[in-house]
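Chemist: Quick paste from Swiss-Prot:
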- 452-517: coiled coil (COILED)
- 68-82: compositional bias 'Low complexity' (COMPBIAS)
- 137-149: compositional bias 'Basic residues' (COMPBIAS)
- 158-169: compositional bias 'Low complexity' (COMPBIAS)
- 531-610: domain 'UBX' (DOMAIN)
- 67-223: region 'Disordered' (REGION)
- 453-472: region 'Disordered' (REGION)
Amino acid sequence: MDLTASLEDDQREKLRQYTEFTHQQDYEVAIGTLASLNWNLEQAIEAHLMQEDKNDDEDPEILETIPAAASGRNAGASSSSRFEPEVINIEDDEMPATRGRRRGRAVTPDETTTVDNQVKRLRIDDGSSSSSNGAATHHRGAAIPRQKRGQATEPTPSSSGSSSASFSSRRGTRANPVPPPNQEPAHPESARQNGGILASRHNNHNNQQNNHHHHHQRIPINPRRVDVFNVDSDEDDDSMAIAYEDDDDGVHEVHHSEVVARGSGPPNGRIPMIPDGFSSVSDALRNFVAIFSDRFCSTPQTQAFMPPFYTEPLPAAVKEAFDHPNSEHRRPLLFYINHDRSIAANIFASQVLCSETVSTLIRHQYVLFPWDITSDSNLMLFLEYLQAANMGDVRTIIQRLAMSKIESFPLMAIVVKERNSYRLVDYCRGTDTSDQVMEKLLSGVSEYSDIRMNEQSERREREEREAIRNQQEAEYKASLAADKARMEAKQQEIEEQRLEEERKLREEEEECVRRQTVASTVPEEPPASAPLAEIINVKFRLPEGGQDMRRFRRLESIQTLINYLSSKGYSPDKFKYFNSDFPKKEITRHFDLSHNFADTKWPAREQIFVEEI
């Protein structure tokens, strides 16, 4: 049976091209494929190719393999006895566009080497590792024998790291010295005991040192950062230099007498300005002011130049200095740090700080915050206060000078606030003269004044920008409001028009219904051939020049005429009807509408004028 007999010429041509391209010998399958695709030759060929790819993908795949690494003398034997699967190399240009993966590829030597290395790294031989390293080195976590002080030790790579770590854990400072060997650590004692307990410990310590030939002990200090400040009293240059040292084995030679002196009570039995163990910072500061006044401003003459010490905690002093509600009252912050063991403690306070010029300038231009660091505990507390207040510069200089240059105290540090950060401008040492102190204080006032002027200028510019932005935003909002109002008005107008159209349409519908109702009550017009004695002819003069003719029977009522006009859209509530008499008579007012035309002697021919009310 010839399957192509029922096909059209173009279909037979497409069938021929399809079978030639796809090598499909089954004409029934070919015709079915083309017919299912509405004889679209391109889609049929594409469907055939996709089916071929699908059949190819279902073939078993030859996976790429990575040979295992061979080791030792068995490498050749294992490689020869191992079954090597066939690997098919397919070039990229040989792959059809519709295929998304390669059948397989050969394993390169680099990949084999990489895998071998990974396998070797993953092998762990506990027995060989422990046997090779056990005799030469200590096991991890094993105890390292402790060396006696003064014994020379040959450093080894394995012991240097642990010894450095243990050494760093035993670091000390001059404020908290490390006790020597065979001596129990000293417990903190109150500085108000006038050195009684510490003196006895000092004697016992000296007795223990009589058998030694050295009069100095090596005390490790904190090696992380070494700050060196130029605090020579003979120089006027107050520049600060900070040096960094990374050596963890640094030591500082400290004499025993100096170590004991740091922990002893106030010199000469004086009452400390800030006692140890105070209950609150405010009480400590008030005690400082009372002791300072008793020492240096006890007479009426000196009381007039008493420095205006601030007696609230440091956060309150910072707020008073830099965050006053009135910007005109904002001032730099001045720290006065006293140290009773300094040789300048009395001279600087009486001759410089309590002088008329210095005290007056501080009273009007600074917020003066005092503290006493004679006691180590008070020094540590003050350093903590500075750290909490983010005043690292002040903390650094006070800490370093307290450890190395006590004669630099009393210290006056000038601090300003710039861009939400605190900066140390300068500091006055206990060896400075009144003129030098005045120069530095005036310089601090001038610098903070410049900072305030810059901040005020920036604040004004910021306020102007904000004002412009607010104005633009207000104008934009006003424009949006106006646009919204116009849109609402337009929407309202459209809504009103819609309602008006609906009303008119409704009225027209009602009028149409009314007309139909009224027209149903009007009798039929008599024919023209009716006797003249039985009919009347009425001519209607309509608004806008229109005319109409109608015949009525004489026995019909005048209401019939009114109903006829109403059916034409001229209802009596909107129009008036006048006859042709002179003067004109309104029909609805001068005639009884229930009477017929004969009773009212209506003329055989009448003309009615219809006028809009």
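Cβ coordinates are placed from backbone N, Cα and C, and glycine is handled just like the others.
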Chemist: What else in the chain is close to the region 'Disordered' (453-472), if you only count residues 6 or more beyond its ends and a Cβ gap under 8 Å?
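Modeler: 327.
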Chemist: So what's the average pLDDT for the coiled coil (452-517)?
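Modeler: Computed over the coiled coil (452-517), the mean pLDDT is 92 on the 0 to 100 scale.
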Chemist: Give me the DSSP three-state residue breakdown of the domain 'UBX' (531-610), ordered helix, strand, coil.
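Modeler: For the domain 'UBX' (531-610), the helix, strand and coil counts are 20 helix, 27 strand, 33 coil.
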